[in-house]
Each structure stands twice: as structure tokens, then as C-alpha cells.
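What Swiss-Prot says about this protein:
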ACT_SITE  Glu18  active site
ACT_SITE  Ser150  active site
ACT_SITE  Ser281  active site
BINDING   134-189  ATP binding site
BINDING   Asp257, Glu270  Mg(2+) 1 binding site
BINDING   Glu270, Asn272  Mg(2+) 2 binding site
DOMAIN    104-303  domain 'ATP-grasp'
Amino acid sequence: MNLKQEKIAVLLGGTSAEREVSLNSGKAVLEALLKQGYNAHPIDPKEYNVANLKKDGFNRAFNILHGRGGEDGTMQGLLEQIGLPYTGCGVMASALTMDKMRTKMLWKAFGLPVADMKVVTRETFSELDPQAVVAKLGLPLMVKPSLEGSSVGLTKVKAVEELKSAVEYALKFDNTILIEEWLAGDELTVPVLDNQVLPAIRIVPEGEFYDYEAKYISDNTQYFCPAGLTPEREQALSTLVKRAYDAVGCRGWSRIDVMCDAKGNFRLVEVNTNPGMTSHSLFPKSAATVGISFEQLVVKILELSL
């Protein structure tokens, strides 16, 4: 299959809260494809009806949309309907992993380690008992929307009095909120490419946690790859991540975030099914340590499209 003879749509932008990040990722992917002689075109679903891709002569889509409408199964379903092969996870894995709560419940059912949590919805918010939550999960706590990506709507709660307002803030972004035990250990992210687990990256944010600012704007967030784990721990992490990837049905490529508790035990956090591909992005950083250039990575992801 010679993909250079195909007309490729690079899906970027979109309408989610992560539009800007997707535009940056898409630009980098598009440049890498054009540089290598691919017939690639930028397509922004905000301005173009993706249902017309096949009719307009496109053969394949490189989906680098982030967040709702691009990474949550809806775009995947549309592409399936028009019969256009696309990069990344399918409908089910994309929809499932967009929902952090249900992803964690599934992992838990598979016997995989996740943080202890309490789920609050818009409907149950009035019954929230901060004292009981703190008694069960301790302090500090992490409060986050279940569905929003890129660390939008997160709050670190250090006192019981702060819990309600943190949940109220998160409810601006989603109807389902997770209150989780605070994981005080290392923050790691682990890319998977074509069923191969790539080296983990350790993230050391300037602030208290890895939020939108640290992710996309700050140059003071530090990334370590290799992550400084012992070979045994790196292997254990790799095995855990592969099991987590398979449990939710990922394919092609994804990046899985993992936190350590104060004792160093791994806890699965979430799956990014369309990881960022900007200059700040972590997937390319990890791939580079095993000799895969950005251009090679983009082509590899494209070749894995189904």
C-alpha cells in the first residue's frame, strides 16, 4: 500500500476546549507529511463537513483532534460510516477513555491499580458530605471533571472547607466529577506505539501539579526520559501500561498517564488516545529516545490507520 498516492486529510482544530493545542499538533503533523512527499491537507471540522471527505477525494484521515468531538468516538463513528480509514483508536476505545470515571472502573474490574475516588454528579452534589469524603480519602484531594481533557477544571483541595467550591468549579466543565486521593509520588506518562510500549517520561511541573499552563505554555516544566526508574520498575510499568491499553481496547497509538503514591506504587490515571504532537509534546520526546524521529513517528502512526 503506497500511502503517498493517497489524498490524506489531517483533521485538526475542531470545537473542543483543546482546539488551540490540536491546531498546533495538526500543523506539526501536516508539515512532517508534506516534507516527506505525502499529499496531505489540513481539515478543520469547525469549518468543513467531514462527512464530505470521501466525496472530495480523500482516502484516509490522520486524526489529531483533541477532546470532545474528535477524540470521544463521535468523529471515529462518522469516519467509519463514510468508510474512511483513520489513525488511532476506534469508536469504543475513544468513547470509553474520554470518560475517566468509567475507564477507571473498567481497569479496577481487571484488577489494575487506580486511585481511590468518590464520584459526584450535578444531581448528587447537594448530598456531598465533605467530612465523610475526607475521612475516606484523606487530604489533600484532587478534584477533576470526568470528561474534559488537558487538565481543564482541576483543583488541589488542601482543606475540607475547600471541597465544595472545587467541585462547583469542576461542574462548570462537566456533569460528573471525580474526587480522588492525592497521589504524592512521581508523575509518569507512557506512550504505546503499535503495541510496543515506549520509554516512560517523568514529569516535574513547576507548580503543584501538571495543569493546562504546565502542559502547553510553561517552559519550566521538566521532563525526564529515561524517567530514572530502575530497570525492574520500568519493566513493571511497561507491563502495567500494556495491560491497561489492551483492557480499554486501544489501537495504533495512545499515551497512558500514571501516578505514583507516596510509597511508589503505580496508579493508572487516564488514556490519551490522540496524544499531543507539538514541540512541547511527550510522545515525540519518548519516541526520539529509541531513535524514532518526529517525521518517522508521523508516518508510522499513519501506516497503522485502519
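Yeah, the Cβs are placed from backbone N, Cα and C, and that goes for glycine too.
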Chain-internal residues, separated by at least six, CB under 8 A from Leu183 (ATP binding site):
Ala115, Met142, Met259, Cys260, Asp261, Ala262, Arg267
For a quick check of packing: other C-beta atoms within 10 Å of the C-beta of Glu18 (active site), how many?
26
Tell me, which recorded positions from Glu18, Leu141, Thr155, Glu162, Thr176, Asp257 are within 10 Å of Asn272 (Mg(2+) 2 binding site) if we use the C-alpha atoms?
Asp257
Going by a 10 angstroms cut-off between Cβ atoms, which of the binding-site residues Val134, Leu141 has the sparsest surroundings?
Val134
Looking only at Cβ atoms, how many others are within 10 Å of the one on Glu162 (ATP binding site)?
17
Give me the non-local Cβ neighbours of Thr155 (ATP binding site): same chain, 6+ apart in sequence, Cβ-Cβ under 8 Å, ordered along the sequence.
Met142, Val143, Lys144, Glu162, Ala166, Tyr169, Ala170
Quick check on the binding-site residues: of Asp257, Glu270, whose CB has the lowest count of neighbouring CB atoms inside 10 Å?
Asp257
Across the domain 'ATP-grasp' (104-303), average pLDDT on the 0 to 100 scale:
92
Can you grab the distance from Ser281 (active site) over to Glu18 (active site)? Cα atoms, rounded to a whole Å.
14
Rounded distance in angstrom between the Cα atoms of Asp257 (Mg(2+) 1 binding site) and Val134 (ATP binding site):
25
To the nearest whole angstrom, what is the C-alpha distance linking Val134 (ATP binding site) and Glu270 (Mg(2+) 1 binding site)?
23
Please report the distance from the Cα of Thr176 (ATP binding site) to the Cα of Glu270 (Mg(2+) 1 binding site), rounded to the nearest angstrom.
15
Let me check the 10 A CB neighbour count of Tyr169 (ATP binding site). How many other CB atoms are there?
15
Protein Cβ atoms within 10 Å of Thr176 (ATP binding site), excluding its own:
19
Local Cβ density at Ser281 (active site) - other Cβ atoms counted within 10 Å:
20
